[in-house]
Amino acid sequence: MQTNHPFTYQIPEKFQDFLQIGMRVVVEFGNGNRKIQGFVTGLTDEYSGEHQLKSVIDVLDLNPVLSDEAMAMADWLTQRTFAFKIRCLQVMLPNAMRASYRKTLKLTGKITDSDLITLFDHQSEVEFNPRKLTSSQLNQIEKLRKANQVEIVYHVDDRAKSKLVWAFKAQMTVEELQTAKKTLRKNAAKRKRLLDFLITNHEQEFVQSDVTRENNFTASDLKTAAQKGWITRYQIEKYRNPYQIDKVQPSTPKKLTAEQAQATNAVDQAIDEDQAATFLLEGVTGSGKTEVYLQIIQHALAQGKSALMLVPEISLTPQIVRQFKARFGDQVALLHSALSDGERYDEWRRIEKGDAQVVVGARSAIFAPIKNLGVIIMDEEHETSYKQEDMPRYHARDVAQWRGQYHHCPVVLGSATPSLESRARAQKGVYQWLRLTKRINGKDLPHVQLVDMRQAGRYAPTTDISQELATEIQKKLALNEQVVLMLNRRGYSSFLMCRECGEVIKCPNCDISLTYHKDTNSLKCHYCGHEEPVPQVCPNCHSKAVRYFGTGTQRVEKELTELFPTARVLRMDVDTTRRKGAHERILDEFGKHHADILLGTQMIAKGLDFPNVTLVGVLNADTSLGLPDFRASERTFQLLTQVSGRAGRAEKEGNVLIQTYNPDHYAIQYAQRQDYEHFFGKEMQVRHQGGYPPYYYTIQITASARTEADAAQKMFQIRGEIVNYLSQNAVILGPTPQSIMRINNRYYYQLVIKYKNEPQLENYLQNLLLTSQKEERNGLQIVIDRDPMNFI
Ligand SMILES: Nc1ncnc2c1ncn2[C@@H]1O[C@H](COP(=O)(O)OP(=O)(O)OP(=O)(O)O)[C@@H](O)[C@H]1O
Ligand SMILES: [Zn+2]
Ligand SMILES: [Zn+2]
């Protein structure tokens, strides 16, 4: 059973001076002799309980791995996210430190103490096992640690790393190779070709299998070449860290535009004055937000402080990383989920030791053990991936603000399309509002044209590319310019839409799309529980073309190659980017213009800065609009604006075509005009009327169980209880089944509370979390999610 109570253990005498808060220990827990890893959260001299205390068995660290800040943050996180404290402590550490990897003690200084000489036995590295050490040895080690003369090393096996492949490069000089070529027999055509290959690609390293495949040499050709001394062959790691960017040209700060300078100065001032202020940097696409971030960070560094830069997972591309490395070199540490456990741990250590002052990373990097923070920046602050979906269910923005308060440093939230929550706060003056209204290239935002697919559908019902879009693509190909096409996969086939008129079937009570349930062939509302059968005809136009909606990238790729047989198409989706480094390779290829069309899912919408892209096409704007979520319009608007911003970023002007079945919907209309201002106004009205955030807070409670009855019953029981703790002003929606009600033979029911100010609610929920634990034995699980991002 999980709990938030700390447990008391006795400290063996030899650990008494050694053990500190924030260190990890091994203790026996519960019945039996199960050993688990625990954290020291407090120390006391007194114990008045009646139980015989168990002893700490072993210590895992030399010095605290969790700082005072981390301990305080974990306390706050536990309360804030309705989580178990142990999970909050664990989330602060890299994986390598959560698992049981082999550890050694490494000597970096000189030792004189005879005890330690025995321990190290003339080696510089020995197994670290405090349990087996004497207290005098521990004391000595403690002293050496304080003098930075020993450290603990984790031995993390990286399976990905250990895979080796053959590589080669030319060993002879170009002249020598030329000479070798002259000595060849006339009919040795293949060897001649190999020598030519080496001469033209001199100094370059090749993976053998790439060359044998692409250039039609065999492995034995290369072996012979090595015997003759033309090349040297050796083994290298197969998967290199794609982010190990070695050769970056250093970059210098650009001269800021007036708007950029104004924004930068405001934040710089807050850094100088140790102000924990939050800034909203609202800048249109291509307005140079990244340069503003870079110069703010530079300012923090100049003040002897460090900086934390968060970027959404999918836009943490090598392109972005390179920009930071180019400016700050080795001071940059990168925390990305694509790194192996070992690589992440290495970066974590560099940050903790203070060797890296600029941390660039995705969501969980917000917990990086960085000291002396001068500024925290969150790019694309509206991105939903900043919210973690598992316990602890934190939003990186909240954590950023907590750390900002702790370090007395500013937090900068940047976006072209801020979340409604943030923008509303900026408007109220809670956040300081900074704006970049112009593109750096001085050009207008790209021209956006809507293609009404209700018309297009009539003459080409089976294609995904309208005549209009096809014509535009053809034009760009003729000009040798590049095209980006986005297929919106959000909300893929979970709702019903009429192909004739674009009508999406909505709940009569909630004005939210109904979700299609395949098992019952019905439509359900996830807010109020309304259910109806799938209609035979469209309630709006009576057409029979009502179907659930979706198309795949592969199908579109096929269509593209049929329409434009000579065009080179690159596809970027979950399938083509699964392998490490694939993401970078695709973008790299496209950047070098080795392809004309980049076709992808929403992962191509963000951050890309390719000067030769002059056309952006959105194949299906509507899928995300139909999501059974009050944020559907907001997400659609954001996505369309972001992707449109990829066009015409340099000298050439760009245009955008959006294919839609709902050309009159306000989210699409305002996205066409790229008019965040009016979208915000309209959407705030909608939220006000519906009683949704930012006017109300929301909390979602989910129960899952082995039978539907158990899950439903529990939710109704909770509903019955919770009303006693809520005022008249709060609204309870549900209980309702979730859209995928059964996952892995577990049934899910949920309930959403909308409220403004409910002083008793927190306590009730904290209690619920702990008491519901008792029922876990019966297979029942309760999840409490504050400000949920997904209502489906
Ligand atoms: N002051 C400047 N002078 C010259 N070029 C600049 C300046 N600031 C930024 N740039 C360049 O302008 C281009 C667009 O900048 P950037 O990609 O940072 O925009 P952005 O606001 O982050 O856009 P998006 O939200 O679309 O990603 C980049 O190529 C960048 O190098
Ligand atoms: Zn409803
Ligand atoms: Zn219809």
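Using N, Cα and C of the backbone, Cβ positions are placed for all residues, glycine too.
The local packing around C538 (Zn(2+) 1 binding site), expressed as other Cβ atoms within 10 Å of its Cβ over all shown chains, amounts to 20. Look at C538 (Zn(2+) 1 binding site): DSSP puts it in coil. Residues or ranges marked as Zn(2+) 1 binding site by TrEMBL: C498, C501, C538, C541.
According to DSSP, C528 (Zn(2+) 2 binding site) is assigned to coil rather than to any helix or strand. Taken from TrEMBL, the feature Zn(2+) 2 binding site covers C507, C510, C525, C528.
Feature annotation from TrEMBL assigns domain 'Helicase ATP-binding' to 270-436.
Marked as domain 'Helicase C-terminal' by TrEMBL: 533-687.
Under DSSP, C501 (Zn(2+) 1 binding site) is assigned to coil, being neither helix nor strand in the three-state scheme. Per-residue pLDDT, averaged across the domain 'Helicase C-terminal' (533-687), gives 85. Ligand 3 lies under 6 Å from the Cβ of none of the binding-site residues C507, C525, C528. Taking the C-alpha atom of C498 (Zn(2+) 1 binding site) as reference, the shortest distance to any of the binding-site residues C507, C525, C528 belongs to C507. Spatially, by CA atoms, the binding-site residues C507, C525, C528 include one closest to C501 (Zn(2+) 1 binding site), and that is C507. The candidate set comprises the binding-site residues C498, C507. Of these, C498 has the most other Cβ atoms within 10 Å. Distances between the Cα of C538 (Zn(2+) 1 binding site) and those of the binding-site residues C507, C525, C528 are shortest for C507. Put simply, of the binding-site residues C507, C525, C528, the one whose Cα is nearest the Cα of C541 (Zn(2+) 1 binding site) is C507. Surrounding the centroid of the Cβ atoms of C498, C501, C538, C541, where the record places Zn(2+) 1, the chain contributes additional residues within 8 Å, namely R499, E500, G502, E503, P539, N540, H542, S543, A545, V546. Within the set of binding-site residues C498, C507, C525, C507, C525 have a CB atom less than 6 Å from some atom of ligand 2.
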